[in-house]
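A.B. asks: Encoded as structure tokens, here's the structure I'll be asking about.
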Amino acid sequence: MTTFRNHCPHLDSVGEITKEDLIQKSLGACQDCKVRGPNLWACLENRCSYVGCGESQVDHSTIHSQETKHYLTVNLTTLRVWCYACSKEVFLDRKLGTPPSLPHVRQPQQTQENSVQDFKIPSNPALKTPMVAVSEDLDIEVEEEDELKARGLTGLKNIGNTCYMNAALQALSNCPPLTQFFLDCGGLARTDKKPAICKSYLKLMTELWHKSRPGSVVPANLFQGIKTVNPTFRGYSQQDAQEFLRCLMDLLHEELKEQVMEMEEEPQTLTSEETVEEEKSQSDVDFQSCESCSSSEKAENESGSKGFPEDSNETTMLIQDEDDLEMAKDWQKEKVCNKINKANADVELDKDRDTVCETVDLNSQETVKVQIHGRASESITDVHLNDLATSQILPSNESVSPRLSASPPKLGSLWPGLSPPHKKAQSTSAKRKKQHKKYRSVISDIFDGTVISSVQCLTCDRVSITLETFQDLSLPIPGKEDLAKLHSSSHPTIVKAGSCGEAYAPQGWIAFFMEYVKRFVVSCVPSWFWGPVVTLQDCLAAFFARDELKGDNMYSCEKCKKLRNGVKFCKVQKFPEILCIHLKRFRHELMFSTKISTHVSFPLEGLDLQPFLAKDSPAQIVTYDLLSVICHHGTASSGHYIAYCRNNLNNLWYEFDDQSVTEVSESTVQNAEAYVLFYRKSSEEAQKERRRISNLLNIMEPSLLQFYISRQWLNKFKTFAEPGPISNNDFLCIHGGIPPRKASYIEDLVLMLPQNIWDNLYSRYGGGPAVNHLYICHTCQIELEKIEKRRKTELEIFIRLNRAFQEEDSPATFYCISMQWFREWESFVKGKDGDPPGPIDNTKIAVTKCGSVMLKQGADSGQISEETWNFLQSIYGGGPEVILRPPVVHVDPDVLQAEEKIEVETRSL
């Protein structure tokens, strides 16, 4: 949004008006229909006091403007001004009385007799006053510290073979986007889920980066919380640093994720009869790690992906009704079309997977099949592309075998958005819009990337394209033969990433000793003595190299319905802000484990990933600088982890060895045996922009409007190379107000910016929406009260019915209910989950035999009374009914009489 100040010729007709006048008018009603707010409009014409309703009612404000030629009006809820004659929003440089200053607000340095107090506007009395942004909020580089006083140089004590955790935590701690989020937006680390890992991590980051710089701290609380969730890390045995990283980031994502509502437009080229597999947000998925495309790992992952464990205690399960399902389908259709339109191809959905298409050369007419893989479904959507050139198909022909993280995965999408996720809010389109539920967190914002992979059948030329979200790249370390193929430019030899396994060899204590000898000798002997040097670019090239699918690793073509020879490879569609690279040094077999100790050369600056970028990718920055590296010394069965990290405040490298922190040279880091590397996008332009905005904040001019902006987005602006469009939706509801649940800590969510800063940020990054006034949403408050009343009523009725059921001596009928669904319902009525569950789903506990529904043996089910079942079923619907009837034993009256006689005789004795 650009600024329209002094471009509206009707500003001269505005009369003098004070904030008290606007507040008084906002408490009134429309002068014609008597309807009350919100969203009343006040006429700004000189000596006109008219107040009318907006478009949500009869729109008397527009009628008043047409009849009286009074063109300027102000929304009494948002304080935004609209000119009917110019048909645009205008910004006032004068006319509104200067409001009094707000107390207890940070003030930046005053220059040219201008203070921050000139920019404040009155806040909602029910909300705490947000702080005004200062230079430190916009530019991390203003925190110039002396080298001897640099923060972040605090060690971590080893509390029982926990060097793997200490190295991982130090590596994450030196990732500025994540650490700065917890330091600047610590108020957002809120969760009702146990064991509240985000709060323990916040406390740890505060201690590590405190100005007092303690020598070392003990991460006991964080470690205890992780052990509670993941039993893998219990005990005192050595664990894997990368697995710990995955577990920690999964837990942080689960606790910090927020549901985001996006408006999606329905593509005009699609009809309602076309069906597409249901899609959910990729950020709700437990993050994946892109593994190398070896045949053995591919088979292992495919076999392991058929069934996933479910965390029924904490996981929010979203069961969509038919309308939600249609919205998800339409959303997915648009994502497919966005990708196809980028390839300049015509799109036509075909429901018949086995449609016979004429197969010709790739340079002429080609049929490409886009597979949308849903983990909860095996349905596949076929999208046929016509006139697709070879250059648009082959560069993305590689399938990636995802390796799931340590924590239980959730169902989710393999289709992150191909188009920019944030668009300027404009209502000019006449297309029907859909709402789509999406989840995001600071973890997904920082570490999520997208890989586009494809497999081509060499018989029918069908190409299967898949998009997958990754959190880290697991790269193979190529051997001598692989390096020769990679470095050969005379012939396009296909390099198989899986062949790197030949570099493994059994190791023992002798190898442990020889490793240190070799490390010393390597530094003294020329590299040609040991053979070719393996670089990180070689590992990336091996990962992204084309791979033949033949022999035991043939491709199962769905068009041919047979195993066929194929070729696969992949490219990156979207690079993350911080790229986590895992070098596959360990291989764990059934009887033994091995380790590759090959030195991999990696750059400290200027890692160029352009060769691995998809041609149609919108990515602009593909150069990365190293932040930290985790190293492992020893063998696969024993060893020690350390981390080398670059301090962001003084740009010096340090070795973090448990509680010991030592400055090291760059050459020491480059000679390290890297295991996990963290690279950050590099952008001089972003640093210049931060300095420019920071300088503007110190010399800002007075303005009458103050803008509120998300702290989370400001953290992105402060630490990201590509912060993306401004997003204020993290503190706004869908109605434009403050959600009642966030009202108590609104000061932790937003900062105030003067108008000139907002204009500069908005003109460069777009996004929004613009917010000039904070108020608690009345509509959300009513909905919240309704949902709380519903929770209370359902819980009370269930307790009463269940108590009556427990008092029955011998109930004739039991109704079985899925405990998975019941846990979701229990989380809802107890206030742990904001959304009610979907329909009752007993399909997992039911089995049909001889035409009747019976309880499946060993099913995770509970027993309730018929009255309780009818109560829940009347609210949520679903089924099927699973009824248990205890067998009735018929006793012969003569036998019963004889037993009673014996009992009487026994008592008489």
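Just so it is clear, glycine is given a Cβ too, placed from its N, Cα and C backbone atoms.
So Swiss-Prot has the following annotated:
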ZN_FING   6-109  zinc finger
BINDING   Cys8, His10, Cys83, Cys86  Zn(2+) 1 binding site
BINDING   Cys30, Cys33, Cys53, His60  Zn(2+) 2 binding site
BINDING   Cys43, Cys48, His64, His70  Zn(2+) 3 binding site
ACT_SITE  Cys163  active site, nucleophile
MOD_RES   Ser407  phosphoserine
ACT_SITE  His640  active site, proton acceptor
DOMAIN    684-777  domain 'DUSP 1'
DOMAIN    785-888  domain 'DUSP 2'
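Burial and contacts for the listed features, if you can.
C.D. replies: Residues belonging to the zinc finger (6-109) score a mean pLDDT of 74 in the model.
In this view, Cys8 (Zn(2+) 1 binding site) is surrounded by 20 other Cβ atoms within 10 Å of its Cβ, with every protein chain counted. Look at Cys8 (Zn(2+) 1 binding site): DSSP puts it in coil.
A coil conformation is recorded for Cys30 (Zn(2+) 2 binding site) in the three-state DSSP classification, outside any helix or strand.
Note: Cys48 (Zn(2+) 3 binding site) has non-local neighbours Gly15, Thr68, His70, i.e. same-chain residues 6+ apart with C-beta under 8 A of its own C-beta. Under DSSP, Cys48 (Zn(2+) 3 binding site) is assigned to coil, being neither helix nor strand in the three-state scheme.
Cβ neighbours of Cys163 (active site, nucleophile) (same chain, under 8 Å, six or more residues apart in sequence): Gln238, His640, Tyr641, Ile642, Asp657, Asp658. According to DSSP, Cys163 (active site, nucleophile) sits within a helical segment.
In the three-state DSSP assignment, the secondary structure recorded for His640 (active site, proton acceptor) is strand.
DSSP places the residues of the domain 'DUSP 2' (785-888) in helix, strand and coil in these numbers: 45 helix, 24 strand, 35 coil.
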A.B. asks: Looking at the binding-site residues Cys43, Cys53, His64, which has the shortest Cα distance to Cys83 (Zn(2+) 1 binding site)?
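C.D. replies: Answer for the nearest of the binding-site residues: Cys43.
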A.B. asks: If I take the Cα of Cys86 (Zn(2+) 1 binding site) as reference, which of the binding-site residues Cys30, Cys43, Cys53, His60 has the closest Cα?
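C.D. replies: Comparing Cα positions, the closest of these binding-site residues turns out to be Cys43.
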A.B. asks: In three-state terms from DSSP, label His70 (Zn(2+) 3 binding site) for me.
C.D. replies: coil
A.B. asks: At the Cα level, what's the spacing in Å between His64 (Zn(2+) 3 binding site) and Cys53 (Zn(2+) 2 binding site), rounded?
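C.D. replies: Their Cα atoms are separated by 10 Å.
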A.B. asks: Around the Cβ of Cys86 (Zn(2+) 1 binding site), how many other Cβ atoms lie within 10 Å? Please give the count over every shown protein chain.
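C.D. replies: For Cys86 (Zn(2+) 1 binding site), the count of other Cβ atoms within 10 Å is 15.
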A.B. asks: Tell me the Cα distance separating Cys43 (Zn(2+) 3 binding site) from Cys8 (Zn(2+) 1 binding site), rounded to the nearest angstrom.
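C.D. replies: So the Cα of Cys43 (Zn(2+) 3 binding site) lies 16 Å away from that of Cys8 (Zn(2+) 1 binding site).
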A.B. asks: Compute the C-alpha separation of His10 (Zn(2+) 1 binding site) from Cys30 (Zn(2+) 2 binding site), stating it in Å without decimals.
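C.D. replies: Given the Cα positions, His10 (Zn(2+) 1 binding site) is 24 Å from Cys30 (Zn(2+) 2 binding site).
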A.B. asks: List, in sequence order, the same-chain residues at least six positions removed whose CB sits under 8 Å from that of Cys30 (Zn(2+) 2 binding site)?
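C.D. replies: When sequence neighbours closer than 6 are ignored, Cys30 (Zn(2+) 2 binding site) has Arg36, Leu40, Val51, Gly52, Cys53, Gln57, Val58, His60 within Cβ distance under 8 Å.
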A.B. asks: Is Cys83 (Zn(2+) 1 binding site) helix, strand or coil when read with DSSP?
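C.D. replies: SS state of Cys83 (Zn(2+) 1 binding site) = strand.
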A.B. asks: Excluding Cys30, Cys33, Cys53, His60 themselves, which residues in that chain have a Cβ inside 8 Å of the centre of the Cβ atoms defining the Zn(2+) 2 site?
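C.D. replies: The answer, listed by sequence position, is Ala29, Gln31, Asp32, Lys34, Val35, Leu40, Gly52, Gln57, Val58, Asp59, Ser61.
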